[in-house]
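Enquirer: Relevant sequence annotations retrieved from TrEMBL are reproduced here:
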SIGNAL    1-15  signal peptide
DOMAIN    53-260  domain 'Neurotransmitter-gated ion-channel ligand-binding'
TRANSMEM  261-283  transmembrane segment
DOMAIN    269-360  domain 'Neurotransmitter-gated ion-channel transmembrane'
TRANSMEM  295-312  transmembrane segment
TRANSMEM  324-349  transmembrane segment
TRANSMEM  411-429  transmembrane segment
Amino acid sequence: MIFTLLSTLPVLIITSELDYSELVHSAELVSSSSSHFHHKSFNSRKRNCTRDTDIIDRLLNGTGYNKFRIPQEEGMTVVVEIWIQAITSIDELTNDFDMDIYITETWLDPALNFQHMSPCKGNLSLNHQVLDRLWTPNSCFINSKVAQIHNSPFRSVFLMLFPNGTVMVNYRVRVKGPCSLDLSNFPLDLQKCSLIYESFNYNRQEVEMKWSDAEFPVFNLSKIVLPDFDLFAIQTARKQEPYPAGMWDELHVTIIFERRFIWYFMQAYLPTYLTIFISWVSFALGSRAIPARTMLGVNSLLAIVFQFGNIMRNLPRVSYIKGIDVWMLVSMTFIFCSLLELAIVGFMVRDETVAKKKQQKKISGNPSREESPHGIISERRFMFPPGCSDSTKSLNSCGTGCWTPERIDSISSVMFPLTFFIIYWFYYIHRKEIIRENMINRVDG
């Protein structure tokens, strides 16, 4: 029995090896037939569509395509959209600003229609080398100081062709544009910078420039953060300007910035406040502390002149008065007026002291009522109300009280701060709102 099983074991093993080899062979046949089927299907699809390079060759080679000829005789329409990547600086000394932007231009070129070629892709993504062989509107910023396409690590130009012949070009550009800086309300001011984009070679009969139909044809990709300014508004407009060669379409971009006030408050206004407050401390020292009050007033005047020089050194030189100029001049005027008030008080105190000495001499030199031969004593104290001296007779009739040095100091300690705050801040904050409204209305109009 055992011998029979052992004798049949090699046969079973051989049979099993044969079955396994047949199974592997069958699987390989199925796999090869399946891969052959898919490869055949892929090759069939590949043979039925046209590759990108073949499409470009068919469009530009041997078809008579001329990049110097306008694709449509009735004129081209170029749609423009601008994305602001970053605004790096605004310079008041040179009246300009720097920013990095993406410019997207779109137009229809019927000669580049490749729908009939059965393209393998829905659109073609190409580089600037192909763009150099196509017609372009030759548009530029006509009022920019500097404008250049980024070249790091390669020329930042993106070209996309659609089957119906639509061309979309995107440039990444760094541009330096002009600003119309008005510092009359500085530092509570709003500043306006603008760029003008148009076709340099074609008038509006050949190329019509227009903004995109998007809600915001010019918008920032991220939040714009500047040390001195906040982005207040972006306005767009389309204008037609006459030139000797015809009418040109101009696309205007106006960027409005609002100055950040806190830095100037900490560096200019707060030290000036403290200097003026120190000059007002003299009102509380009394009319007899003339030397101390004089030192406070003179030191305050010298300090504010020094601060004024430091502030003006970092600001542009303009031929009109700025808001901060008015602030510093008014501050110096108030300190100077406090010195004038001190001079008036000192004069009154000195005159009052001299009058008292004279009165004491007269009283000590005059005889008493009993020693008087006539029995009449002329007492000057009955000529004025109590509390008034003859030195104040020329200043006030004392019908409502005398203008004593103490009273002048008391009135000055209230009137100086109240007048200072109301006149300056009410005027310039109100003027800032008026400037903002006028600027927005002028841009919209």
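Heads up, the Cβ atoms here are built off N, Cα and C, so glycines get one too.
Tell me what's around each of these sites.
Expert: The average pLDDT for the domain 'Neurotransmitter-gated ion-channel ligand-binding' (53-260) in the predicted structure is 93.
Under 8 Å from some Cβ of the transmembrane segment (261-283) lie the Cβ atoms of residues 187-188, 227-228, 289, 292-293, 296-297, 299-301, 303-304, 307, 311, 324, 327-328, 331, 334-335, 338, 341-342, 409-410, 412-413, 416-417, 420, all in the same chain and six or more residues away from its ends.
Long-range contacts of the transmembrane segment (295-312) within the same chain: residues 267-268, 271-272, 275-276, 278-279, 281-282, 285, 324-325, 328, 331-332, 335-336, 338-339, 342, each at least 6 residues beyond the stretch ends and with a Cβ under 8 Å from a Cβ of the stretch.
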Enquirer: Which numbers of helix, strand and coil residues does DSSP report for the domain 'Neurotransmitter-gated ion-channel transmembrane' (269-360)?
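Expert: Tallied per class, the domain 'Neurotransmitter-gated ion-channel transmembrane' (269-360) gives 78 helix, 0 strand, 14 coil.
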